[in-house]
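A.B. asks: Please see the structure below; I have some questions.
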């Protein structure tokens, strides 16, 4: 088994509005190995997106902890979490969240700029990542000049430009048609093989989940046993 990269220990998340308490996550525990491609399947409102926010250090659990590469996130300062997100984690969302006034190349370069890389390194790394997703010829185009599939490829390039250890993906093919969704999954698999990047994808798409190496199911804020998707349509 691969070395554990990320581990969740009894994660709970509760929101409170006045006297009303809502438990969104209940004692969630699992781990992701280095280079693993894993899916968490669940319907809308099951707690999947909340879980990703906790894993990425974007929110704080009510109880429990997230341990990344042996380091508990509860012991990290806000600045240290931000550095971790910039250098070790990548994020892909259902909507691409590209900056509309920037070119594809400039969007991909943004994490490198935040990480204060040298200008020459920023340009070459961003262009190389666009090449890896098959879009070097679109480097100087803005998001409005790209198709939906191309915009999502740019978002993936941006997530991977810092060579993160783990990419957290929230419904990465949710806004794409079947052909583009298949193309995006093939791209994720190729990048996993070439770079050894681990992927944790949360989705309601059983066909996407079926193509990952391991699947878990989330229902009402709880992770169930590993999901069998044999014969899923």
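Just so you know, glycine gets a Cβ as well, placed from its N, Cα and C.
Fair warning: this is a prediction, and the values are worked out from it, not measured in the lab.
The feature domain 'ABC transporter' is assigned by Swiss-Prot to 6-233, with sequence analysis given as support. The ATP binding site feature in Swiss-Prot is assigned to 42, 43, 44, 45, 46, 47, 48, 49.
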A.B. asks: Can you check which residues sit near residue 48 (ATP binding site), meaning Cβ under 8 Å from its Cβ, same chain, 6 or more apart in sequence, and list them in order?
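C.D. replies: Within the chain, residue 48 (ATP binding site) has Cβ neighbours under 8 Å at 40, 42, 170, 202, 203, 218.
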A.B. asks: Quick check on the binding-site residues: of 43, 44, 46, whose CB has the lowest count of neighbouring CB atoms inside 10 Å?
C.D. replies: 44
A.B. asks: According to DSSP, collapsed to three classes, what secondary structure does residue 46 (ATP binding site) have?
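C.D. replies: The three-state answer is coil.
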A.B. asks: Give me the long-range Cβ neighbours of residue 49 (ATP binding site): same chain, 6+ apart, Cβ under 8 Å, in sequence order.
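C.D. replies: 170, 202 - these are the non-local Cβ neighbours of residue 49 (ATP binding site), listed in sequence order.
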A.B. asks: Enumerate same-chain residues with a sequence separation of six or more from residue 47 (ATP binding site) and a Cβ-Cβ distance below 8 A; give 'none' if the list is empty.
C.D. replies: 13, 24, 25, 28, 218, 220, 221
